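A.B. asks: What TrEMBL records for this protein is below:
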COILED    104-131  coiled coil
DOMAIN    139-436  domain 'SAM-dependent MTase RsmB/NOP-type'
BINDING   Cys247, Ala248, Ala249, Pro250, Gly251, Asn252, Lys253, Asp271, Asp298, Asp318  S-adenosyl-L-methionine binding site
ACT_SITE  Cys370  active site, nucleophile
Amino acid sequence: MSSPWSCRKNHRSARGVYPLSLAGGLWAPEPGAGPPALIAPAPQHVRRLYALVSETLRYASVLEKLLDGAALLQAEKKLAPQLAKVLVYDLLFGKGLKCGGRWKALARRHRARLEAELARMKVRHRVSRNEDLLAPEKAVSAAASQVPRYVRVNTLKTCVDDVIDFFKRQGYAYLGKAASVEELKALSGKKFLLDLHLPELLVFPSQTDLHDNLLYTSGHIILQDKASCLPAFLLGPVAGSHVIDACAAPGNKTSHLAAILKNKGQIFAFDVDPKRVATMNTLLTRAGVTGCQLAQQDFLTVDPRDPKYSRVTHILLDPSCSGSGMVTRGPGEEAASSAERLQALAGFQRRVLSHALSFPALQRLVYSTCSLHQEENEDVVQAVLQEWGSAFRLVPAFPSWPCRGLTAFSGSENCLRASPAETLTHGFFVAVLERCKEGAAAPR
């Protein structure tokens, strides 16, 4: 097992191409100079750029009202509305305009009017904080903001003790294994804990950014929410098993399965999107995963009777869902939860779960979603269990886990739920199914 600090440092960071921005002193074109060219910002500016764009989008409705109230676009007819939002956000809510030149002068020329309009908005809404101006669905809840930074140690490349030692050498203080969720909630600064539930999961304060850390760029650690680690952990295939990851991209759960298998056995990973499959291939290569066959294929088209899958005993199924449990969804990405949308998703989820149960050698399956809706969770599991009769049963998974399934049917308490408020994770649902008897036929 290699030490985490022995890996090479000449890795490349795939940052893509970003538009010119006001963030972190990046140059911006002068007014009237036409649209900005595309450049890749210096690494030290990427986080500031991302934060500026994300927060501008999050406050978009507030900024529109400020622009209207202060009549900024009427006064500056050549100023594009989107650029105006960025300027006003950074002037009133951000770090105070890090750009130079005429843009800074233009924004500051209207500062008094903008600040007066912001003050009037707060009076009208009877609030004192900027964040209180956001609509309820846009505001980040206190519980969501407390979700820590979870770090899964990739045991294909290193071990927990070596990673702990590495972070201690970087100036982090290790506080030992957590005894409660409250201890995770109290984390601050450069302190970290070993998770109280999962043995290879380290927990850092929520604001910790490790994307540039050598351990992450070399694949020794995986930045993965705790709830997202539950499916592979609860599936628990023994080394040498044949496993299917039915809806695998982007690949964090697949790499977790490989670590549990110790790269011994076989993983068949499916995803229908070619770009996601390419991304997954890169992630799995960086994580040191071997013995995994990737296929750009809809899992519903996979033939369970193909001899290739005759030894598949475990399936991890994390299908497309509403994503309503994701607390870090970007602005404008709120989960669609109309009745029609949920029914369509639930219909697909029932079909793919029933299809997964039809693999003849299957012994254990984990069904999971990052959804809060009963229609995608308990209702799907109940419908498919009824369809299969006595062939499969729900396993009472992880009895010490505090958050259980909704009381939708007898036995639903065997399912797990996760939430920012109760488990300090994203919202998640997990059900573990096991075969009751050999040779059960597929439902008619």
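Using N, Cα and C of the backbone, Cβ positions are placed for all residues, glycine too.
Neighbours and distances for these, please.
C.D. replies: Non-local neighbourhood of Cys247 (S-adenosyl-L-methionine binding site): Phe270, Asp271, Phe299, Leu317, Asp318, Pro319, Ser320, Val352, each in the same chain, at least six residues away, with C-beta under 8 Å from its C-beta.
Taking Cβ-Cβ distances under 8 Å and a sequence gap of 6 or more within the same chain, the neighbours of Cys370 (active site, nucleophile) are Ala227, Ser228, Cys321, Gly323, Ser324, Gly325, Met326, His426, Gly427, Phe428, Phe429.
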A.B. asks: State which of the following binding-site residues has the fewest other Cβ atoms within 10 Å around its Cβ: Ala249, Gly251, Lys253, Asp298.
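C.D. replies: Selected from the binding-site residues Ala249, Gly251, Lys253, Asp298 on minimum Cβ neighbours within 10 Å: Asp298.
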